[in-house]
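J.: Just dropping this structure here.
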Amino acid sequence: MYMSIWCHNLNLSSRSLAIALVACVTLVYFSYSFNACLFASLSRTLQQSNLRNLLTLPQRNDTSSSSSSSNNADATTTATPSTSNATTTPPTQPAAQPLPSIDGAPKYQMLRQQGLRPSRHLPDTLIIGVKKSGTRALLEFIRLHPDVRAAGSEVHFFDRHYQRGLRWYRHHMPYTIEGQITMEKTPSYFVTKEVPQRVYHMNTATKLLIVVRDPVTRAISDYTQAASKKSDMKRFEQLAFVNGSYAVVDTNWGPVKIGVYARYLERWLHFFPLSQLLFISGERLIMDPAYEIGRVQDFLGLKRVVTEKHFYFNATKGFPCLFKSEARSTPHCLGKTKGRNHPHIDANAIERLREFYRPFNNKFYQLTGINFAWP
Ligand SMILES: Nc1ncnc2c1ncn2[C@@H]1O[C@H](COP(=O)(O)OS(=O)(=O)O)[C@@H](OP(=O)(O)O)[C@H]1O
């Protein structure tokens, strides 16, 4: 009898013990999960703020805001453009800090850890031209902005590689995180007939940046580049005119033809409203880069992060250069192929070309609503 009561009590107490044990384990489990969540969330917040600083390369004190981004998904990782050394030291400059690698694996590892999943997107913005007007300078300057990521080299998708498809194009774009603009520049897009329609089909909202320069100096620049690759090149004057006199301009010669901007612009305006195009003066980009970059940032809906503090004028090169960029943390200018010495061209030939371009320039001013005041 006593034995049975004892056994019964024992049963009861071991059941209570078991219940207590289960309750304890549950409590410990929930408390652990809660703390783990709290810790993860705190560490994510901390990492995100670190990341923002990491991406604000040129000026760590500046905060950046984002703007439009594309509704597509395509892109590549391309090499950053070559840059040459500055030939003179800038007057005053902020201390050069070593910069983190933008495309380096650790950064993307860090992004993924935060669940930010950087991905490649089709460009929201294209620099479509005009060749030899300062397109490289524009790209290098605007990509100082932490919310702009650009393909380093010209992708030539819409003119040469269109058959490869948008997937191919997307894989040539850089990785971006939410809020960053993807940009690409290929100057031949402006003059290639099929390109406006192709860009329109990719994204009707694509923003288009066009750098333009006095078509006569542009033609000489184009010629200078071609001559640098061909030692037996004829003189500019022989190529720009038909039959050796200055009477008839050779409008079939590429360097001359490209300068008839109005003709090409009309094709773009069949597909895009003027409000989606921004014209940048190549001359002013040299004289006052901060001003032009300010306009570009406004147009793209970006905070004005890139300012005069980023530039210095290199007297030896005769061009604005950068204190630091995405590619380099020390002062530097664009490469040797940018800002070449032009050959001497007969003044009469220049005058004749100016006369030739005048009506086309006027038409261009009329279409854009901007008087570039080319001579
Ligand atoms: N900051 C700075 N540094 C060097 N060069 C500068 C700069 N800003 C504008 N430019 C002018 O850019 C001209 C080259 O134009 P592009 O970059 O459009 O050339 S290309 O079409 O990509 O080959 C280049 O033409 P050239 O002077 O004939 O070499 C320059 O006049």
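Including glycine, each Cβ sits where the backbone N, Cα and C put it.
Residues annotated as region 'Disordered' in TrEMBL: 57-103. Sequence annotations record features per position, and here TrEMBL assigns compositional bias 'Low complexity' to 61-101. Sequence annotations record features per position, and here TrEMBL assigns domain 'Sulfotransferase' to 123-358. According to TrEMBL, the active site, for sulfotransferase activity annotation covers Lys132. The 3'-phosphoadenylyl sulfate binding site annotation in TrEMBL covers Lys132, Ser133, Gly134, Thr135, Arg136, Arg213, Ser221, Lys338, Gly339, Arg340, Asn341, His342. The disulfide bond feature in TrEMBL is assigned to Cys321-Cys333.
Can you walk me through where each of these features ends up in the structure?
T.: Remark: Lys132 (active site, for sulfotransferase activity) has Pro187, Arg213, Arg218, Ser221, Asp222, Gln225 as non-local neighbours, by Cβ distance under 8 Å and separation of at least 6 in sequence. Classification of Lys132 (active site, for sulfotransferase activity) by DSSP places it in coil, neither helical nor stranded.
DSSP gives Cys333 (disulfide bond) a strand state. When other Cβ atoms within 10 Å of the Cβ of Cys333 (disulfide bond) are tallied across all protein chains shown, the result is 24.
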J.: Just checking, which of Gly134, Gly339 (binding-site residues) has the fewest C-beta atoms within 10 Å of its C-beta?
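T.: Selected from the binding-site residues Gly134, Gly339 on minimum Cβ neighbours within 10 Å: Gly339.
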J.: So how many other Cβ atoms are close to Ser221 (3'-phosphoadenylyl sulfate binding site), meaning within 10 Å of its Cβ?
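T.: Looking across every protein chain shown, the total is 22.
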J.: Could you state the whole-number distance in Å separating the C-alpha atoms of Cys333 (disulfide bond) and Gly339 (3'-phosphoadenylyl sulfate binding site)?
T.: 10
